[in-house]
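What follows is a set of notes on a single structure, which appears directly below.
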Amino acid sequence: MSKVLYIKANAKPEGVSRTFKISDSFIEEYRNQKPNDEIITLDLYKEGISFLTEEAIKLHVPKQGEGKDHHVLKYAYQFAEADKYVIAAPFWNLSFPAILKAYIDYICVTGITFKYTEEGAVGLCQGKKAVHIVSRGGGYSEGPFEMYEMGDRYLRTIFGFLGITDFTTIVAEKLDVVGEDVEGILRNTIEKAKEQAKEF
C-alpha cells in the first residue's frame, strides 16, 4: 500500500479552479485504480501555510526528542513519509502561487528530506514519484514563451534535489487565449490525467 500526498496550492475554490478540475479527476481515477492506497490531502491555503519566520528558522533543524508533530518540522516529516506526490498548482506570474514556495521551505530540512555529505547534498526521498498538475492562461510549453516558464522547472529541480527524479507534468494551457476551445482543452487534459493516474 502506498501513501499519496495530494498538495493543493490554489486560492480558488473547488468548482472554480481549472487546476483542481484536472487534479481532482486524477485523484478520483487513482482511487478507483488503487482503493487500498492512502491519500492525504494537504490544501495549503486551508492549512494556512505562512512564510518561515526568524523563530521558525531557528527551529528548522531536527533535534533529538522532537516528535513528528513539531509545528515547524511536521510538514517535512509528512513529506518524507509519503511514497507519491500530486502537486496541483496553477501557473501564476511565470511560476506558481507563493504559498507553494513557502511550503517547500518547510519541507526542505537537513536530516529529514536531504542530507549533506562530503560529496555534497543527497536527497533522502529517492525511489518516489511525483506529478505536477498545472493550468496556464497562455502557451509556455514551446515556442518563444517557453523560456518564461519557471514554475514547473523549479518544482522538477527541487524535487530532484530531494531525490525524486520520477517527475511528470500534466498541463492544460492557452486557457485564456482568445479563440481557443477552452472546454475542449480541459476535457482532453482531464482524460490525459485519468490515463496517467492508471500508471501512477
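Using the three backbone atoms N, Cα and C, a Cβ is placed for every residue, glycine included.
Sequence annotations record features per position, and here Swiss-Prot assigns FMN binding site to Ser135, Arg136, Gly137, Gly138.
For the FMN site, the Cβ centre of Ser135, Arg136, Gly137, Gly138 serves as reference, and the other residues of the chain with Cβ at most 8 Å from it are Pro90, Phe91, Gly139, Tyr140, Ala172, Glu173, Lys174, Leu175, Asp176. Other C-beta atoms found within 10 angstroms of the C-beta of Arg136 (FMN binding site) number 24, with every protein chain shown included. Annotation note: Arg136 (FMN binding site) sits in a coil segment as assigned by DSSP. Proximity of Gly138 (FMN binding site) to non-local residues of its own chain (separation of 6 or more, Cβ distance below 8 Å) is seen for Phe145, Glu173, Lys174, Asp176, Val177, given in sequence order.
All protein chains considered, the CB of Ser135 (FMN binding site) has 25 other CB atoms within 10 Å.
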